[in-house]
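Swiss-Prot has this to say about the protein:
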BINDING   Cys59, Cys64, Cys70, Ser298  [4Fe-4S] cluster 1 binding site
BINDING   Cys85, Cys89, Cys92  [4Fe-4S] cluster 2 binding site
COMPBIAS  19-29  compositional bias 'Basic and acidic residues'
DOMAIN    71-287  domain 'Radical SAM core'
REGION    1-29  region 'Disordered'
Amino acid sequence: MVTVVDRVTNRRLRHPEKAHRPDTSVQKKPDWIRVKAPTSPVYKETHGIVRTHKLVTVCEEAGCPNIGECWSQRHASFMILGEICTRACAFCNVATGIPLAVDDDEPERVADAVARMELKHVVITSVDRDDLADGGAEHFAKVIYAIRRKAPKTTIEVLTPDFRHKDGALEVVVAAKPDVFNHNLETVPSKYLKVRPGARYFHSIRLLQRVKELDPTIFTKSGIMVGLGEERNEILQLMDDLRTADVDFMTIGQYLQPTRKHHPVIRFVPPEEFESFAKIGKVKGFLHMASNPLTRSSHHAGDDFAILQKARDEKFALQR
C-alpha cells in the first residue's frame, strides 16, 4: 500500500506513545503460521517497481506475513495520505505521530503504478488522518478517479478509516464508486478500549451500513483479528452485527504481535476454528468468508472480488 513521502527509517521512533509500556514477550509462532522467505524474481521485480515510484507499502509497514506470496504474484495494495497515523492502536505497526501535508501529486503517481503493474484489482488504504477536515476523503476520491482514467479495467477496493467526526466524508468516497468498500472492525467491542481506543464499534458498524444505503451496488467488507482475548460468542455476535448492516464479505485472521510494546498474542487460534467461522459465516448470509490464520484484508483481494461477483449473481438468480 502506497505513499510517496519519505519512509520512517528509525524504527525506535515509530511508536513514541508506546515507549513507556513494559515489554511483553513475543510468543513463538506455531507451524501453521510460518511462511517462506520471499525469493522469486517477480517479488524482486515488484519490489523494484515500488522503489522506483518512491512508494511505501503497508505490506512492509505492517509486517504482513503474506508479502512474499502477494508480491510474487504482483499483487499490491497502496497506502495513501502518508505513512504516519494520527492514532495509536495497540495492534498496529504503522508509525504514529504528526503527519506531513497531503501530497497533491499522489493520485496520479498511484494510478501510474497501477497501470504499469497491470493490476486487475487494486486495494487503496490509508493511515488515519484525524488532522484533516474530511479525514482524507477527497484524496481517496481523487485516487479512485485517477485510476479509472489510467487503468479503466482495474477494479478498485478501498479500505478506509472510520471518518469519525467527519460529516460528509463517507459520501465523498462512495460517490467516487469504488467496487468494494472495506472498513475493518478489527476486534470485538469488549476489546476496543484496549486495542482500538480511538474508534467506536457501533460507529464503524453504522459506517458500513450507510455505504449500502448510499449505493447498494458497492460490495461491503469488514475484517477482524482473533487471538486478542476475545470469546467465541463475541465473534458470532459481531458477525450478526455485520449482517444486520448488510455487509457482504468478512475476513478473519490471526493477530500477530509486531513488537514487545504492542498488545500480546493471547492465543494462537488453530486452523480448524477458522474453518468453523467460515462455515458459520456462510450460514449467516455473507456472500463470502475468508477465514484463515494468515488471512489479511488485502490477501487474495482480486480472487475474492471474483467470488463476490459470482455469489451475488447466483443470489439474484435465485430471487427471480
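Backbone N, Cα and C atoms are what each Cβ position is placed from, and that goes for glycine too.
Its own atom aside, the Cβ of Cys85 ([4Fe-4S] cluster 2 binding site) has 23 Cβ atoms within 10 angstroms in the protein chains shown. Close to the recorded [4Fe-4S] cluster 2 site, the chain also has Arg87, Ala88, Phe91, Asn93, Val94, Thr96, Val127, Asp128: residues not among Cys85, Cys89, Cys92 whose Cβ is within 8 Å of the site's Cβ mean position.
On the 0 to 100 pLDDT scale, the domain 'Radical SAM core' (71-287) averages 95 in the predicted structure. Within its own chain, Cys89 ([4Fe-4S] cluster 2 binding site) has Glu186, Val195, Arg196, Pro197, Gly198, Ala199 as residues 6 or more apart in sequence whose C-beta sits under 8 angstroms from its own.
A distance of 19 Å separates the Cα atom of Cys85 ([4Fe-4S] cluster 2 binding site) from that of Ser298 ([4Fe-4S] cluster 1 binding site). All protein chains considered, the CB of Ser298 ([4Fe-4S] cluster 1 binding site) has 27 other CB atoms within 10 Å. In this structure, Cys85 ([4Fe-4S] cluster 2 binding site) is part of a beta strand by DSSP. Over all protein chains present, the Cβ of Cys92 ([4Fe-4S] cluster 2 binding site) has 23 other Cβ atoms lying within 10 Å. Counting only the Cα atoms, the space from Cys92 ([4Fe-4S] cluster 2 binding site) to Ser298 ([4Fe-4S] cluster 1 binding site) is about 15 angstrom.
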